[in-house]
């Protein structure tokens with residue numbers, strides 16, 4: 001299948017295995033770099049992108065050229081199932097095949113326009129959503145994956161599982177790990193601690 | 001239903017699902033700590049880890065990579081303690097390579113969960129805790145469908161204070177209402193930070209979102225557990241935090257939540 005974005009020059013598949021909610025904050029950096037960015041939320045059961053990007057309550061419109069994504073800035077377009085739900089209490093209780101169908105629709109029917117970077121936020125785990133997005137985008141080519149983690153050993157193990165997934169699936173290039181949260185704690189303690197011991 | 005299915009869950013007094021809307025909220029941690037707290041209270045526990053793509057409970061309980069055996073009634077669970085008060089079954093036991101990713105689509109996950117639920121010879125248990133992956137999808141539906149023949153007492157929902165997390169838990173609440181699962185209560189995890197050097201509990205992250213959510217949705221607020229590096233380290237090393245640090249405020253928090261849960265189950 002063809003991705004509707006007219007010029008998708010680079011695809012970065014964002015691949016967190018054990019979800020740290022803060023992983024999504026990383027995406028706020030790229031739009032400042034004067035490039036066209038598309039952000040696709042394929043966490044069908046737990047779409048957090050609308051809230052994190054300050055887009056709660058936004059609706060998706062349909063036209064002759066397809067669904068229009070929601071624009072945060074002129075160069076940052078966002079699509080999420082969150083925009084199709086009418087209430088924050090609405091639950092998406094779908095099995096794998098239906099989720100896959102939705103992801104396909106997002107890629108096929110959304111009028112992304114010209115895009116330099118398509119960033120895909122995936123749910124935790126290594127399942128339908130991950131297999132499908134890699135499969136559907138295989139024609140366009142995925143540049144790579146970013147794995148977000150926190151320092152705990154359990155999460156490092158999950159990152160290994162994520163990397164293992166990427167090697168099992170063809171055309172999924174290398175991954176980069178990024179550690180989050182720990183600096184926030186260090187910064188707080190170093191400026192507020194009354195103890196002589198370093199944190 | 002055949003007699004072995006009925007037998008395997010028939011002596012389990014209470015079944016509690018542990019749910020979260022989003023990943024990374026510490027659901028497996030809460031499941032493990034609740035199990036340990038209930039065991040300290042003299043109960044016989046079982047944990048069923050149906051997070052097929054991210055099974056972390058074996059490491060938290062320091063059971064490593066044991067071999068799983070079968071008996072006439074089905075799979076024999078792995079015991080995390082010599083007194084056999086805490087039984088565990090996890091997909092992690094069936095993987096040859098611990099770094100191997102379980103890359104399965106929904107139907108395959110559904111089939112395996114069905115086996116887990118009906119084919120593990122749990123024996124007599126006071127409480128079976130079912131640790132689920134985040135979300136509202138195949139695994140959750142599979143667990144409920146296979147437990148339909150047996151009573152599910154309800155679900156404990158885990159969130160962190162942030163609004164993004166509580167937003168996801170609202171969807172879990174809807175899932176419970178639609179599937180007829182009683183909400184036993186909400187636990188707010190990583191609520192405040194206990195620095196072992198400063199010995200202070202500071203709110204570097206927000207606090208109170210879980211309690212607000214409970215009020216908003218008319219659910220019971222079971223309590224909050226702080227982000228405690230000593231707890232984290234215990235889990236990484238597979239040590240029993242409750243035994244090692246009984247004086248800590250985190251211990252008090254977890255014990256209170258476990259006692260509240262037990263009261264509502266026995267009521």
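Even glycines carry a Cβ here, placed using N, Cα and C.
When secondary structure is read from DSSP and collapsed to three states, residue B:22 (ATP binding site) falls in the coil class. Cβ neighbour count for residue B:22 (ATP binding site): 29 (other Cβ atoms within 10 Å of its Cβ, all protein chains included). Residues or ranges marked as ATP binding site by TrEMBL: B:21, B:22, B:23, B:24, B:25, B:26, B:27, B:28.
What TrEMBL records for B:195, B:198 is [4Fe-4S] cluster binding site.
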Candidates from B:21, B:22, B:23, B:24, B:26, B:27 close to chain A, where binding-site residues are judged by Cβ under 8 Å: B:21, B:22, B:23, B:24
Neighbouring C-beta atoms (10 Å sphere around the C-beta of residue B:24 (ATP binding site)): 25
Residue B:25 (ATP binding site) CB neighbourhood, other CB atoms within 10 A: 28
Nonlocal residues around residue B:28 (ATP binding site), in sequence order (Cβ under 8 Å, 6 or more apart): B:49, B:51, B:56, B:57, B:60, B:131
